[in-house]
Every structure is written in structure tokens, then in C-alpha cells.
Amino acid sequence: MVAKKWLTLCFCLLIVFSALAQQKRLDSLLQVNKTYTIRDSLKIIHYRNIFRQYGNMQRFDLAVLYIDSAANLAKQLKLNIALYDVYERAGRLHHGKSRYAEALTYYQRAYDVSVASHNIRGQAGVLLNMGALYLDIKDYVRSLEKHQASLTIFEQIGNSDGINSCIMNIGLIYLDLNQIEKALQYMKRALAAFEKEDPGGRGIAVAQQAIALAYMRATETELTKMGIPYSAQYNMALAGLNKALPIAFKEDDPGLASAILADMGEVYDRKGDTEQALVVLKKAMEIDVSHEEYIVTAENFYKVGLHFIKLEDDKNALHYFRLAIAVGEKHRTLGTLKSVYEQMSYLFERQKSFDSSLFFFRKHIAVRDSLYGEEKEKEITRQQLRLDIDIRDREYKYGRQLMAEELKQQVLLAERQKDQLALAEKEKSLQRLLFLQEQSKLENEARQQADAFQLQQDRTRFEKAITQKQIINQQLELQYNRNLNLIFLIAVLVLLGTAAAIYQSQRKGKRLNAIISVQKKELEELIHVKDQVLGTLSHDMRTPINSLISFTHLLEQDGISQDKMKLYAGQLKNSLGYTQNLMDNLLKWATSQIDGFKPNFEPVNLREITIQVLSTLGETMEQKEMTVENYIGEDICMMADKEMLASVIRNLLTNAIKFSHKQGKITLTSVGDEKYSTLSVVDFGIGMEDQKVVLINSAGSHSVKSSRGTGQEKGNGLGLILCKSFVTMMNGEMKAESELNKGTVFTIQLPAVKVV
């Protein structure tokens, strides 16, 4: 029920927003054209965009004006290619809107231009479009002739796409004539060519869908003749549609994808899998609604309604039939409306609502007669087109004439069968109309009897008329008072809504101000860190460089003892080691601040990585005769970036060594559960003041002023900033606990990894 309401709401909103969006796009195109005053090829493109937009909005009178403007400008500029493009696009625009006579006029103009300018490819393309047009109006002989002419040119110029399209359309001609075997021959030939030329292309999806439709329409006799088991009919159709659907999505063709899903729903329905049929049909409708495929939308709503009819769910069937009518009446999809009205008539008849049944059956007959009228108009169009083309095309090869004569006989036979079916349908409709009229007559007689009985009752209550009138007046007065109260209530609700909106706006403003304040503090802190980094670089980098320069001067001098040389070298080594550590921390911190940087998460064994880090600090620990007690469990693992975690542990151990007394001790412990693993680095050195501990544990990357270690080791404060930043980026926390002159405990907590 929720899905049904959602779909209805989306559909209604889509119609409104679509109209607004189309008008907005048209206004934009008109403004661009107005401001661009140069009469060149770009002006032709502006005209072309405008007439296409008018065509999409069904405003063909204005579209024709811009078509003529574009064509006249192309003639003035003597741009035959642009003139051909204008006429060909105008033909396709009218063709897509079922304006066949206008479409053929523009196609013929495009063909004449391509002949005059020796545009062979253009001639073939227009002939292909004309063949498709004749296929739409069921003039199969002319359609086949145009496709054969187009095919001949495409073969001469070696255009494989055009060849494949011609073969595919010829297959569709035979499919319309219910010559399944011959249709499949052409379609499979086209499919093989599409697979060879463009594996995974749109042509494969179109061919697979057409082949699936051929299997669905084939009779048992036709399938047996082709060596296909009748029981495999629907499975073969479904297999082809399953191959076509991913290609339609890949090619971003929502209309094709929706049509394929609708065909799949029909196959599942025929197989008896009603649940899966409903799933794919709803997917088709979602695509229709989101991509404004209105003509397909009406047909798919109708198919979902039929699905619920089979399930005897009249309520849902009626809902989707009404949606189909709303779309069909707006976009004049008469074929769908004819079927929907007929099913609505049957539905109301089953519910014994004969008036409604008769109403929709009459609408069904009206649409059917309208379609018959349209077919007659198409027949007149075909005759006019034949007369025009007979004047132009007199010479055909003997073999092609024989094929045309054979196809004419097949068309006549198909039309004769169609007329017989139409006559039978009219007789059936007439009988049903008479039945419904009789039922409606009986229903009206019963209603008249009820009215007579009611009139008799009214006469017996005549004496109470004055009293009833007074009661009615009182009720009207009460209704008036209720209306006043309702208006007052609505006004109060509007005021409350306005007040609530203002309140929400103020709350939102406060939240935004709070966010800005936090961001400002973070930015100020980052600026402070940057200043500290620059200050550190300007001061700490100068000292080792000056020492290195001085050492080179000493090397150039003679008479320096070996002991002094070792002393100076040791001091220089310590200075450069400090500088190297500074640069490592600075580079890692700078890398982490780059926009788009993300940690490379992986399971990391905590004991193994601490052993690796300790091995790099061996010399530093030996200088202070430090000992490390490693109590980390072998099964403790963290989900972290290995390099970032190693850097954090290295900095914490370096700090512990720095602030520990000579011959001191450092303890490493760990705790793990299902969610988190915790590492603690404990030293028993000089500790920290409470103010520093609070600053380290506070939110944000606050810098902490560094102090010298127990061996007068220098610091820069970047290590703790780096640790806190890295731990936060790895979805963890870092805390510090310290007591002055007793020691410090740094704890990091990161997501745990279960050891398999």
C-alpha cells in the first residue's frame, strides 16, 4: 500500500515538474538564440535546438517556424550538410510523435538534398528512416522496398551498422506479419552481426528483445517446425530478455530497459510466476516514472492492472487501470486506452455495477472506432505516398518485383484475416453492448421502483415537512459555525506553522554558528600548529646545518686530535638524528593533512609491530641504559594503517625514553575485546603537569609546548600532534595519564580484529 501511494505521488509530481522543466529549458534556448545575432552555422544549431524543444512540448506550429528558419539560413550559407541535418532531424521529430505525413515530407527533402550533394551515407540513412516509418503505418511492401534500397547503399559503402539495422527492421516486418520463422532468420542474422561488430552494444539488446517476442508469439506448430520444444518457448524468451536487460542499463537507455522488463513480466505471468511478474513490472514502472517514458508508462500500468485481475485483486487492478487512463488520455495512447476501457468494463460487470460497465464499454467502442478511423487515415496516407513514390521510383529489378508481389499477397492475406477478426470482435462487442444495455435497463427500472416507493414515503411524511425544514436550517447554522471554527483553526495552524518555521530557522542558525565557531577554533589551532612548525624549522634546522658546516671546516684543518674528532662526530650525529626525527614527523603530519588522504586499513598484530619499532630505537635506549617490558599478547590485533600505527608507537616510545631517568624502565601492556584493542605505554620518568595532560586529552589537534628530557634531549611538540591526528584518522582514541615525578601512561584504543 505504501509503495502504491509512493508511485502515485511520484507520478503526479513528475507530470508537474516535467512541464515546468520543459518550459524552463525552452525559455533558456529562446534567450540564447535572441542574444546570438550572428547568422552562421551556430545560429542554425540554435534554431535546431528550439524546434526540437517545441516538438517535445507538442507545439508543432511553432516548431515548423524554426525548422523553416534553420533550413533557409542553411540555404543562404550554402551548407548542404547542415540543410540535410535540419530536414532529417525534423523528420525524426515528427516520426517520433506519429505525425507520419509531415515526417515523410521532411525525409524526402533530406533525401533530395543528400542526392544533390552526393551524400551517399545520408541517402542510406534517410531511406532507413523511411522504411521504419512505413513499418509503423503497416505498409510492409513500401517498408521492405526502402529497407532494401538502404541496404544496397550501406553494403556499397561498407557501413556495418546500417546493414545490421536494415536486416533487423526487415525481421520486424516479418514479425508483424506473423511469419515467425522468416522473422527469426533475419533477427538472428542481425544479432550475429551486432555481436561481431559491437559486443555488448545496444543493437544486441534490441535484437534479443525482438527474438524473445518472436518466441512468445510463435505457435506450437511453428516451434516444432523450427525444431524447438513447445515447453521451452518461455524459457528461451526469458533467456534472451535476461541477456538484453544488462545491456540496456549499460547503454543508459531507460525506454529500452522498461520495455524489456515489461516483456519479462508478461513471460513470468504466462509461466504462472505471478510474484516475480509483479516484481519486474514494478521495476519497469519505476524506470518509466523517473525518466518520463509516458507512452510506455501507460502500457506498463495496464499490464500491472491485468496482473492483479488474474489475482482477483479488483482494488489494486482498478488503481493501476486509472493510472493507465490518466497517462493514456494525456498522451493519446489510444491502443492502450482501448484495452484499459474494455478491462474496466469487465471489472465493473463482475462487480454487478452495470452502469459503470456500460460507461467504460462505450468508451472502449469510441476509442476502437477512433483507432479504425486512424487506420483509415493511415491507409489514405499510404495511398498518397504510393502515388508520390510511384512517380519517383519506376525501375526495380525483376527479382525485387517478384518479392514485392509475394509480400503484397502476404499483406493482403494478413489484412483479410485482420478484417475477419475485427468483424468478429464487432459482433461480440455489439452482443455485449446489448447485454449491458439490458442490464442497465433492468437496473434503472429497479431504481425507478425504489424512487416510487421513496415518493410514497415522502407523502406520508409531508406533515413533518415544516419541522424538518427547521431542523435543516439549524443544521445549516451549525454547519456555518463549524466552517467559521474551521477557518479559525486553519488560521491558527498557519500561524503556528509560521512560528515553527521561524523557530527552526533560528535553531538552524544557532547550529550553524556553533559549527562555524568550532571550525574557527580548529582553524586557529591549525594556524598555531603551522606557526610552530615554521618556527621549529627556522630554528631547529639551522643548528644541525651550522654544525655540519663547522665540522667540514674542522676537517679541512690539520692538527685536530682523533678524540676531538670522535667527540664532534658524536655531537653532530645526535643533532642530525634529532633533525631526521623532526623531518619524519613533519612529513607524515603534512601528508595526513592533504585533502583526500585516507588510511590504508589492514589487520595489524600489535606485538609484532611494537617489536619492529623497538628494534629501531635500540641505540637510543642503550644510551640511557633503558629496559622495556613487553606484556602485549600475541593474539592482539588492530584494524589500522600499519605505517601510521608504527609512527604513533615510535613517537610514544621516543617520548617515554626522553622523559625517563637513566637505567629506567618502560612497560608495554595491551587489553583486547570483541570491539576494541588497547595499547598502553608506561614510563616511570618525570611525568607531566596536569595542565599539559588536560590539553593533550582535549578535543582537536592542540599543540603542546615541548620540554627537554632527562638527558637534555630537545623536542618540538610535533610528535604528540602527529600521534593524536593519526589515531583519530584510524577511528580510535588517545588518552594520557600522568603524575608529576612518578611517570606517564599513554593509551591508544583502536578497533579490534578477530584472529582466525
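Cβ coordinates come from backbone N, Cα and C, glycine included.
Remember, TrEMBL labels are computer predictions, not curated facts.
Straight from TrEMBL, the features:
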- 536-754: domain 'Histidine kinase' (DOMAIN)
- 164-197: repeat 'TPR' (REPEAT)
- 258-291: repeat 'TPR' (REPEAT)
- 298-331: repeat 'TPR' (REPEAT)
- 1-21: signal peptide (SIGNAL)
- 484-503: transmembrane segment (TRANSMEM)
Positions whose Cβ lies under 8 angstroms from the repeat 'TPR' (298-331), at least six residues beyond its ends: 4, 8, 11, 15, 258, 262, 265-266, 269, 274, 277-278, 281-282, 284-285, 288, 337, 339-341, 343-344, 347, 350-351
Counts of helix, strand and coil residues, the repeat 'TPR' (298-331), according to DSSP: 31 helix, 0 strand, 3 coil
Distant-in-sequence neighbours of the repeat 'TPR' (164-197), which means Cβ under 8 A and at least six residues beyond its ends: 128, 131-132, 135, 138, 140, 143-144, 147-148, 150-151, 154, 203-204, 206-208, 210-211, 213-214, 217-219, 222, 225-226, 410-411, 414
